[in-house]
Amino acid sequence: MENNVEIDINGSSQVSTTSEQFDINSWLPITASRKGKWWYSAFHNVTAILGAGILGLPFAVSQLGWIAGMGAIVISWVITFYSFWQLIELHEAVPGKRFDRYHELGQYCFGPNLGYWIIMPQQLTVQVATTIVYTVTGGKSLKKFFDLVVPSMNHVRQTYYILFYTCLQFLISQTPNFNSLKSVSLLAAVMSFGYSMIAFVASTIRGSEHHDEVVYGVRSHTTAGKIFDSLNGIGTIAFAFAGHSVALEIQATIPSTPNKSSKKPMWKGVVVAYIIVAFCYCSVAVSGFWAYGNVVDDDILISLQKPPWLIATANLMVFFHVIGSYQVFSMPIFDTIESCLVQKWHFTPGRPVRIIARSIYVAAAGFIGMCVPFFGGLLGFFGGLVFSSTSYYQLPPFAKEQLSPWSSGAKSRFAEWRWVFVRVELHRLREFCTFPHGAAHVRSRFFASRSWVLRRSRFHAKSADSDADNDDKLPTKFSRENVESSENGGNPSTSLLSFLCPLLKLFSGGDPSRERNYTIEVATSTLSTLARFPWGSRSLSESFSSKEIATLNPPKRLQIFEFEACPFCRRVREAITELDLSVEVYPCPKGSVRHRDMVRRFGGNEQFPFLVDPNTGISMYESGDIVKYLYQQYGQGRKPSVGLLESTIFTGWMPTILRAGRGMTLWENARLDPPTIKLELFSYENNPYARIVREALCELELPYILQNVGEGSFRSKLLLDIAGTKEIPYLIDPNTGAQVGDFKKILSYLFQTYSAATL
C-alpha cells in the first residue's frame, strides 16, 4: 500500500501510516475511492476543460484574425497539454508517495507553510469562482431554453432558474467521493461535446449559404482597439483551456502499485481528452468565424438564433454540462472544507458533517450567483491573477525542477524557462486587458493623438424627423429570443461599474415601477447634483450673441448611445448641456433589447458612450475624446474646462453610488417594441428631478429627443410657449399626445404606458 502525503491545515506534512490518519484519508472525497479507470480520467478532463467558453472562440478569432487566432488556439493547446504531462509526472515523482492534492505538491516543494499559502488561495479562488460562474450559467441557459420552448414562461426571472439549479446541486453534492461522480461527469462530457457539435454543424450550414457578404478582417479599426482586442482575444483563448487545478485530484482516484503506477492510465485519459478538445475547439472556432466573420457574437449561439429548437437544445446541453462541471471543480473544495472541520476543529467524520458543510457551500455559491449574476465578467481578472499559476506556468515547471533532474542540461533548462516566460506573459496580458474595461476611457491618453479616433459613415441611426435614409434598416420587432444577447454579447463590461451598479441595486428599492419613497429619491438625486455642481447646470450660449447662437446647433441632431448610471456617459451629457445642444438619446441599459446590439454591430464594440454625428459622418467612442470633439465642432472656439474633463474620476461616481445604480439595467417588464416616434424631454443634466426621469427612460430603453434647457438656454422660451412654464422636467409623447410636467406624474405615465403588460 502506497503512502500518502497528509497535510493538515496548519501546514505540517507527514507520511501517513497510522490507522487514525488512514481513516481520515479514506473518508475524504478525493482519496476515499481509488478505483478509477483511464476512461474516467478522459471524461473527467473533458468535463473540466471543454466548457461553455468554446462558444466564444469564434469571437476571439475575430479579434485576432484567421492566422493569429488559430495560431493562438494551437499554441495554447500545446502549452496546456505539456503542463498536464508535467503534473501527471509530478503526482508520483517521489518514490512511495502520492501528491493527491495540488497544495500537497506545493508544500513538499516549497515548504509546509509557504507551499500551502502559495497554492491553496490560488486554487480555491479558481475553483470557487468557477462554481459561481457555473451557477449563473446554468440558470441563464435553462431560462433561454424555456424562453424558446415555452414562450409563455418568459416572464419568469433568471433568479428562479438559478435557484432551481442550486437545488439540484444540493442533491448531487452529497455524492460521497470523486469516483462516485463518474456517471455525472460522463453525462457532462457528452453534453459539452453535443453543444459543440451543434455550434459546428449549424455554423457550417450557415457559412455554406453566405447570402450576405462576410468580412474576415479584425473587428477594430483603430490602433488602440486592435491592441486591446488582440490581448483580449489571446486571453480568451488561453482561458478556454482549464482543468489543471483538478488534475492531481483526478489522478488521485486511479489506483497505483509499485509495479503499475497511475501515470499511464491518467496520461491515456488526458490524451483522449485533448484530442476531443482539439477537434471541438478548432471546428467551432473555424466554422463560427467562417460563417459570420467579424460580426460574430461572443456566444456563437446568439449569432445562430435559428432554428429555435436547435438553439434550445444546445442551451439545455449547456445546462446539463455545467451541472457536472460544477461537481468536478467542487470536489477539491469539499475535500478542503471537510479536512479542515475534522483536523482543525475535530468534528467526527460522518454523513452529518458532509451534508451540512456541502449544503452551506452550495447555498453560498447560489446566493452569490443570484445577487451578482454578472460574476462571470470578473472571472477573467481573477483568472489572470491566479488561474495561470495553477494551469500554465508557475507550479509545474518549478516543482519539476525541484523533484526531478530531467532538466539539468542547459538546453533543457533554456526550453523550460522559455515556456515559463511565454505562459507568464500570456496570462499577464489577459489580466491587463480585462481589468478594468473602464480603462478604455483612459487608454486614449496613451494611444490617441490630437486627430480623433473616427469611424466614418459606419452607422447613422434614423432620425425621427427624416422620412427616409440610406442607412442600414433596423428591425422594428423584437422577441425574447434576443433579450439576453446584450448581457453576453460584444465585449462584456468587466469594469468597476459593472461590479458596482448591480450590487447597489440591492439597496435601490427594487422594481422601479412601484411606489417609491420620493423624499429619499429627491434627497439622493439632490446630493448627486451637489456632487457634480457646477458642471451640466448652465448653458454657455448665454454669453454668445444671438447670431452665434444659431450656429451652435447643427442641422441634424447628434445621436448619443449611453446609459444614465455611467459616469463617463454623464461627462458627455454635461458637455451637451453646456453647449446647449439638442440630441437624440438611445439608452443602452444592461439587458438592452435594441440599442446595445446596434452599437455592437455598427460600431464594433459594446462600449459607452458612443457618439454619432450625422452632420460630419463621424462616430466615436471615449468620453474624453467626445467632449473635445463637441467643443471643437460646436463650441464656437471654446475649450472644455479641465474640471469637466478630469473631475469624473473623483466625483463622477457619486451620482451612481447615491442613486444606487438606477438607470443601469433594463426593467424586466419593459416593452420590447420601441415607440413609433421618439419621446421629447426638456431637461438639463444636473437637474435632480430630471435625473430621476432619465433613469426611468433608460430602464425602459425608450429613445428620446433631449431638449437641453440649462440656465441661460434659448430653449427656455420654447418650453414656456409649449408648457406655459419653465419648470422641468417636461415630457412630450407624440405617440399618445400626452404632455406631462411633474416628475412623479412622468414616472407613473412612463411605467404604465410602456409596460409589456399594457400590450
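Including glycine, each Cβ sits where the backbone N, Cα and C put it.
Worth saying up front: this structure is predicted, and the values here are computed from it rather than measured.
Residues annotated as domain 'GST N-terminal' in TrEMBL: 556-638.
Annotated transmembrane segment per TrEMBL: 38-60 (among others), in sequence order.
According to TrEMBL, the transmembrane segment annotation covers 66-88 (among others).
Beyond the ends of the transmembrane segment (184-202), by six or more residues, the same chain brings 40, 42-44, 46-47, 50-52, 54-55, 172, 175, 276, 280, 283-284, 287-288, 300-301, 304, 310, 313-315, 317-318, 320-325, 327-328 to within a C-beta distance below 8 angstroms of the stretch. Among the features that TrEMBL reports, transmembrane segment is placed at 184-202 (among others).
Here TrEMBL flags 270-290 (among others) as transmembrane segment.
With a cut-off of 8 Å between Cβ atoms, the residues of this chain six or more beyond the transmembrane segment (310-329) that come close are 44, 47-48, 51-52, 127, 130-131, 134-135, 137-138, 141-142, 144-145, 148-149, 165, 168-169, 172-173, 175, 181, 184-185, 187-189, 191-192, 194-195, 198-199, 202, 245-246, 301, 304. The annotation transmembrane segment is assigned in TrEMBL to 310-329 (among others).
Residues annotated as transmembrane segment in TrEMBL: 360-387 (among others).
Panel annotation: around the transmembrane segment (38-60), residues 69, 72-73, 137, 141, 179, 181-182, 185-186, 188-189, 192-193, 195-196, 199, 203, 232-234, 236-237, 239-243, 246-247, 250-251, 253-254, 264-266, 268-270, 272-274, 276-277, 280-281, 284-285, 287-289, 292, 296-301, 303, 318, 321-322, 324-325, 328-329 of the same chain, lying at least six beyond its termini, place a Cβ under 8 Å from a Cβ of the stretch. A Cβ distance under 8 Å defines the sequence-distant neighbours of the transmembrane segment (270-290), meaning residues of its chain 6+ beyond its ends; these are 39, 41-43, 45-46, 49-50, 54-55, 57-62, 66, 69-70, 73, 77, 81, 84-85, 88, 192-193, 196-197, 199-200, 203-204, 207, 214, 216, 240-241, 296, 300, 303. Model confidence over the domain 'GST N-terminal' (556-638) stands at 89, taken as the mean pLDDT rounded to a whole number.
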